[in-house]
Amino acid sequence: MTLALALYEPDIAQNAGTLARAVACLGLELHIVEPAGFPVGDAGFRRAGMDYLDRAVIRRHASFKAFEEWRRAEGRRLVLATTRGAVAHVDFAFTETDVVLLGRESAGVPEAVHESADARIVIPLNEGARSLNVALAGAMILGEALRQTGGFARTGTG
């Protein structure tokens, strides 16, 4: 079991494809909680993921309920990245079995998902800034989680 990234009902294919490429390069899993705002596998998704999509481990869940059933059965902690988080991502103690959940680009996640999270983290931003692009935020959080857990590959570049 390894660190994983989950996208809650993603709106933008290119962001999801970019994150699929990131997890493929980092040896992680991507979970897509549907419905997505695009057909998974659409041209924008494939273009952003490039040929790395063949290497990506992507698991699709028909609903948040189905995702939660999987997560609880696996005994994994859900770490929600949110602008309402109380702990900065760099101050949070990640484990190698965490699932980091990113919300929809347009609306984040509903309150019920907030309540399901075991932890809520935030990327601190300058005053007046609302949020980062979800793909950038995901990459920053995964980088910190992998740094903390020693999860970066130790040999070569690919």
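Placed from the backbone N, Cα and C atoms, the Cβ positions cover glycine too.
These features come from Swiss-Prot:
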BINDING   G103, I123, S131  S-adenosyl-L-methionine binding site
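Feature map: Swiss-Prot annotations on the structure.
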residue	record	Cβ neighbours (10 Å)
G103	S-adenosyl-L-methionine binding site	24
I123	S-adenosyl-L-methionine binding site	19
S131	S-adenosyl-L-methionine binding site	16
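Binding-site extent for S-adenosyl-L-methionine: residues G103, I123, S131, maximum pairwise Cα distance 14 Å (rounded to the nearest whole number).
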